[in-house]
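*Asks:* A single structure is presented below for examination.
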Amino acid sequence: MESVTTTIQCMGIKDSCNKKKIFQGGKSKIIEFQVKYENSDEVLNFQTTQSAINKLISELKKEIYSINLPISNYSVTSSSALQDINLLCQCISSTPKIQRSLSFVNFIETENNLTVSSTFIFDFIKNSDISGVLLKTKNNNKRTKKERLCVIKYSRVLYYFSETGGGSSTDINSTEVKKKRCKGLKFLDDCKITEKGENYFQLKTSNNETYVFTTPTNDECDRWVTTINNCIDYITKSTYRVSGQVQGTVVKSRNLAAKDLNGKSDPFVIIKAEQQQHRTQTIYKSLNPQFNEAFHFDITKHQGYVYFFVWDEDKFKTADFMGEVAVPLSLLPPNGSEISLWLPLSPRNSKDKVSGDILIKIRYFFSPDQIEVSPTSIYGNSLEAIVKNRPEICKNQVPNILYQFIEFFEQHLNEEGLFRICGNSTEIKFIKNQVNTDTQITFNPSSVHAYAGAFKLFFRELPEPLFTFNQYDNLINLAKKSTELQPLIEIIKTFPICHLNVLKLLLPFFGKIAANSKSNLMNHSNLSIVFGPSFLRVKDESHVNLMEMILVNDIAKFVFENSQQILKSI
């Protein structure tokens, strides 16, 4: 890369919109550049600002000793603005040391990403169910009244955008829309229109929040209400059980918010679907990280989402939230074709500092599953129901199949990625049906990961999780303070006897897996990521609490690490 010569040329200076409300005007100036590389057909065209140019000048002076630049401070309003920027471009194009500098490389990457991202946002908004500028008021609080560009995507998600660069146009096809920044999203699942009047409608969400949206005209109000009602019908039709898998790759992010004092961040991504999650590696000191990390989950609910949460790692305090996106499974092609999605990161609330987008590659395989759970089924019934309805297939109030699974897995403790590598969805469905109908199953050693998938599925489909809904808040509150062993033991003692007996079976088994982590790569931390969300979950899963999601893993890890002391006490 060092031998490649970069030529940068100023293509002009033009007016742009400043940071005003959507309906207001106002102009500032931007500089347009074109970058070419020797021996390459790649050409970059991007726009930047006076402040970005001055930041580049400052960083070049810090990075390159005794550098001689033609200008020390750039003013885009100066009478010599075009001449000055051309002199700077000539200096950079004729100085290989500047072209190879980290400051210049980062400048090109950041400013080009910002321009590409703006174009992406324009296309993202344009290709939607409906969009328009509305006044949004939350819970009838006038202080929350904000003018937002509202967009419904995938017939499932309501996005709202504000501007980082303003404009005077409300036309969706206007280039001014490129200046928008995502300010939040709401899922239309379990939402309903509770009131409609002249030029306004009220939307009630699943967590009982109300939003009043005021439209410019009554006709537009009618279009919004009709579209939302159609979306609600679509969601209802998409609600059914499946046997499937979602696979994909978190490719990269761009233009992330700086969370550290050095102007960078240390981002990582947590991906979640149903009661499963995966954490990517951390990419240190980057606002444009390349992850290229694969994920896969088993799926039982077609109406669900795959969530992506971006965090900034911090060694001395809790990770900082950097944004979220959600992909509805019903959006994805039913034939398993892979699609690539650029999605804008969304904040949780107005206090979050969030910017940037994330690129995901994703594919979804599924087949419809049975709708109702038989009272005699092993999968989908509570532990108490299994013990009551099928006592002949239980031992110590534990389903015999769990003993059989564990006996089989203990013969494969050195299997790399046990419980982490995805099994074949068709095989998992076959195993599930076999368990539901036969008292004894024959295990195939060549399908270890399929049996591991069926084992995980049993705990995900429990109507009452192993650690119980009643103790969710107590366990989360304990973890928020700092997990202590004795209070944890006292909480565990309150579990129903069948839950305790299953835990007594699992903990020694997990200890054996962790003891062989050098070969199977499944230490206590990885086990907690796989099983924690299944063992401990909130009753209403329609809203994902990000901080609690991390605490769930911490609790599970603490239980696994202290299993010997816990077993002695229960």
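Each Cβ is built from the backbone N, Cα and C atoms, and glycine gets one as well.
As annotated in Swiss-Prot:
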type	residues	note
BINDING	Asp260, Asp266, Asp312, Asp314	Ca(2+) 1 binding site
BINDING	Asp260, Asp312, Asp314, Asp320	Ca(2+) 2 binding site
DOMAIN	127-233	domain 'PH'
DOMAIN	224-343	domain 'C2'
DOMAIN	381-567	domain 'Rho-GAP'
SITE	Arg420	site 'Arginine finger'
*Asks:* Please list, in sequence order, the residues in the chain of Asp266 (Ca(2+) 1 binding site) that are at least six apart in sequence and whose C-beta is under 8 Å away from its C-beta.
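*Replies:* In sequence order, the residues whose Cβ lies under 8 Å from that of Asp266 (Ca(2+) 1 binding site) (at least 6 apart) are Lys259, Asp260, Thr282, Ile283, Tyr284, Lys285, Ser286, Asp312, Glu313, Asp314.
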*Asks:* Taking the Cβ of Arg420 (site 'Arginine finger') as the reference point, list residues of the same chain whose Cβ is under 8 angstroms away and which are at least six residues distant in sequence.
*Replies:* Leu521, Met522, Asn526, Val530
*Asks:* On a count of neighbouring CB atoms within 10 A, which of the binding-site residues Asp260, Asp314, Asp320 is highest?
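*Replies:* The residue with the most neighbouring Cβ atoms within 10 Å is Asp320.
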*Asks:* Quick one: DSSP breakdown of the domain 'C2' (224-343) into helix, strand and coil?
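*Replies:* Output for the domain 'C2' (224-343) reads 17 helix, 59 strand, 44 coil.
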*Asks:* Taking the center of the Cβ atoms of Asp260, Asp312, Asp314, Asp320 at the recorded Ca(2+) 2 site, which other residues in this chain have a Cβ no more than 8 Å from that point?
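*Replies:* What remains near the Cβ centre is Lys259, Ser265, Asp266, Trp311, Glu313, Ala319.
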*Asks:* Let me check the 10 A CB neighbour count of Asp312 (Ca(2+) 1 binding site). How many other CB atoms are there?
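*Replies:* Total other Cβ atoms inside 10 Å, all chains included: 19.
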